[in-house]
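These come from TrEMBL:
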type	residues	note
REGION	1-47	region 'Disordered'
DOMAIN	56-337	domain 'Protein kinase'
BINDING	LYS85	ATP binding site
REPEAT	679-712	repeat 'TPR'
REPEAT	721-754	repeat 'TPR'
REPEAT	805-838	repeat 'TPR'
REPEAT	847-880	repeat 'TPR'
REPEAT	889-922	repeat 'TPR'
REPEAT	929-962	repeat 'TPR'
Amino acid sequence: MSEPEQEERTAAPGEARTVISPRRGPAPAESERPTPPATGGDGFHMAPGRTLAGRYTVLDVLGRGGMGVVLAAYDARLDRRVALKLVHSREEGRGGDGLAQVRMVREAQSMARLNHPHVVAVYDAGTLEDGSVFIAMEYVQGQTLRSWCQHTPPRPWRKVIDAYLDAGRGLAAAHAAGLVHRDFKPDNVLVGEDGRVRVTDFGLARTGSVPGDAEQPVTAISSLALQAPLTLPGSVLGTPAYMAPELLQGQTASVRSDVYAFCASLHEALHGRVPFPMDSMASILRLKERQPPVPPSDSQVPAWVSRAVLQGLHPDPQQRPDSLEQVLRRLEDDPEVRRRTWLRMGGLAASVALLAGLAVWTWGRQQGPGCESLERRLEDVWDAPVKARVTQALEATGLPYAKDTARRVERLLDGYAQAWVKQRIEVCQVAAAHPAEASRSQRLELLREACLERRRSQLQAFTGLLGRGPDPELVDKAVPVAQALPPLEYCADAQALLAAVPPPEDPQVRARVEALQAQVEPLAVLLSAGKYKEGLALSEQLLSQVEPVGHAPLHARALLLRAQLQEGAGDYKGSESTALRAISEAARGRDAVLVARAWNLRLLLVGLRQARPKDAEWLEPMVETVVELAGDEATRADSLQVRGRLLENVGQFKQAREHHERVLSLREKLYGKSHLQVALALTDLGNVLRSMGQYAEAKERLERALAIQRDTVGPTHVSVAHALATLGIVFKELGQFDEARARHERALNIVEDALGPDHLQTATLLSNLGNVLLDQGRYEEARARHERGLAILEKALGPAHPNVSKVIASLGIDLAGLGRYEDARLRFERALAIQEKTFGPEHPDVAAMLINLGGVLADLGRYEEAKARLERALAVLEKALGPQLPRLSIPLTLLGRALTRLGRYEEAQRQLDRALALQQQPEEHAGLVEPLTGLGLLQLARGKPAAAVPLLERALRLAPEEAATETRFVLAQALWESKQERPRALELATRAQKDWQRRDNAPRLAEVSQWLASRR
């Protein structure tokens, strides 16, 4: 299970709340300060540090061309690196009328509406003060498709086609959006370090939306590429070499001319030279007008590929395919794949060929010992000596729950081993009863044997890992890993086994594949056990052996495991790149389940680990489609879990809840109701319900998750402590502070006993316990826990870590509760500085710190400054999480109170009304207290105390005892001013006086004491 959640605190009068936000890496630290423009020798604004268009800070020059320059720049407004293309006014305004500039900007804006994974995204376009046109585009680190194709040794023709298929899909998407590229060539396609192919440089693209475009010939611009002398064969590698004959004659560009350019580029990539490498425009045009090129006689490219390419190079545009999709379909229609698919679907020839190869791959089944002796195959895997080694290694860690864990692991592995032996003997007996013949039954039994042997490899890897010596981390992971061993039921599923890609037919290749499979399976165990570094080292070694074999399913499996290990190790960029390779290999191997798992990992990486929500938006429907096509329920559950968490992060809680409920249902069906995977689904569901303010339902789900974990791993296991801490947060939000404190103290005791008083998890639980004490108004006790937790974190992580900043913020709330507002402000300023440096200015975690700072500035009477911080926090949260998030009620309430103090009552009313609306639910709850109290204060300020009373009475009824002090005092003032129940008013104020005295809050104590003294 995951580590305990560290709460991020936001201060509000009377009660603090939690802001949860997605993780994200550091943002660029370039300055946002605008500077005067400076130009290079060619007239472009390229000096590093300069700011263009009020938001783009120049970082470096990426390249220059005849028309302009491309810069690397930082977009301060959206916190991202971009490629900034500048086209000088002397080129775009050649006619002097400015129409070319308008056209180019409009074309870029058309491109900005195109969102496709294989097209470089255009974000923005406009003109600078000197008339230059700028286009802000996606920044891609990588190489051109030309460079990628010129790899040594040469890339296989299939991989070249795969890359061009991706580029073609991007170009086809542009066509579907009404855009024609006009200059497609390998230099205008990028292959990123993540492996993704993207079409770029639509600088010559035209749409039908700009008047006069249809009559605009391309030669006016493309002829710039011909200004250099054309004297040597093959020297024309710019536009003319790839342009359709009709464009060279000055005719209008079309989809068919893009088809020609695409096929010309692919011809060059496959054969090493462009179709017509001549020495002048005239000679190129003469050849292009005559006939399509002839493929080289020594080409290794299949004829069906050459036919598809040559159809797109026909000199008559009407004889070419009328869409790029037609070309792509022909390139995807590999006759060899169709033949293999037909054989695999059940042709007798496939069975005969398979059995001929598989016959040598048995374990002496006919001539060896009897089937009962197969139990010996678990010798040195899970027998008495291995059990003793495992138990000794686990207990030698000295952890308080090590013996209990050893017993639980033994029980789980005994059951797994017995089931394995039973199935293995059953397979042997069935095989012995049938002579070796080309039958479906014989084929199935061989596949079952192979499946069971792969399970045996994982079991052996796991027991070997457990038994190699004391490892406290393995004690924590042992039971979950034992539960996560691959299910044996799959090996008895005839339909699934027969649908999978069969082993190679060649006996030697098959033997090599089987040997490598046995070595690849332990990677899954290292992944489950959290041994990422060890797994990555092994995977690198294995991939160097797996790839040359050329068996796509095995290669894809090894790649996916490596990608998962990279994700676990925090190498998200590397993981995404490897996942893309796994997708390609799995698709080539026709392994639909593995394709779906790799796509799901990519969605996890993009949407959650790297916090790239825009990229996740286009990925999500694709992932959903491939998962449904795979038809695997476990993969479907994993995918729904990732998508549910994505929805939760952007505040779409209702949809997130629906996803997590489906995950729960699927996992209960797959694993039973007491599996740790079910506990994980219940925890996710509980967290979503908590975010929705449905605390009672959240509590029920989290208590079920806790019960499963206690029963599965034992009551003193650290994962139980994590579950207790999560449940404690819900009790706190229900206002049941004693219950919350009891859970947090129990969690802290478990972790301290297991991991020690100075462990990072101890620090997290100390902080969470301090937050409960804070909500109870026990500020000195809270401060003691927070200071101890802070000392542990600073020692382990350093003073500038974001987790350190969260505890600093909690300390600030402690100090504010004690009335030490200036000391609190200093803590909040420090926490804010850490968060901004780590995440950039527009991250939700930064907003939490701004809310804290705004609240304490209001306490100091600095209302204008408070207003500015709170408005900025709201802008960040609304942009990141949407405007309907209930947690926005805290900054809205604080802003409303600051506006009240400034006498801006109408604005205050709007903010407070909105805060109240965000907290409204069918049932009354404590989240309404602060907006109601703020509205009561507003009515008092307007001189309407009678109108304030019902609002404050309702707030007081809902307020937990520990959080009611401020509401009591405000209600006392309203009752006194409205001349209602003045004795009760004095009683309420006196109780507030005692509370603030007990909490040692000197400023609030002085305020209420002065009020009482003037009324007695």
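Placed from the backbone N, Cα and C atoms, the Cβ positions cover glycine too.
The stretch with the most CB contacts under 8 Å to the repeat 'TPR' (847-880), chosen from 679-712, 805-838, 889-922, is 889-922. With a cut-off of 8 Å between Cβ atoms, the residues of this chain six or more beyond the repeat 'TPR' (889-922) that come close are 10, 12-13, 17, 693-694, 847, 850-851, 854-855, 858, 861, 863-864, 866-867, 870-871, 873-874, 877, 928, 930-932, 934-935, 937-938, 941-942.
According to DSSP, the secondary structure content of the repeat 'TPR' (929-962) in residues is 29 helix, 0 strand, 5 coil. Taken through DSSP, the repeat 'TPR' (889-922) splits into 28 helix, 0 strand, 6 coil. In the predicted structure, the repeat 'TPR' (805-838) carries a mean pLDDT of 93.
Sorting the repeat 'TPR' (847-880) by DSSP state (H, G, I as helix; E, B as strand; all else coil) yields 31 helix, 0 strand, 3 coil. In terms of DSSP secondary structure, the repeat 'TPR' (721-754) contains 31 helix, 0 strand, 3 coil. A simple way to gauge crowding: the CB of LYS85 (ATP binding site) has 24 other CB atoms within 10 angstroms, across all the protein chains here. DSSP assigns LYS85 (ATP binding site) to a strand.
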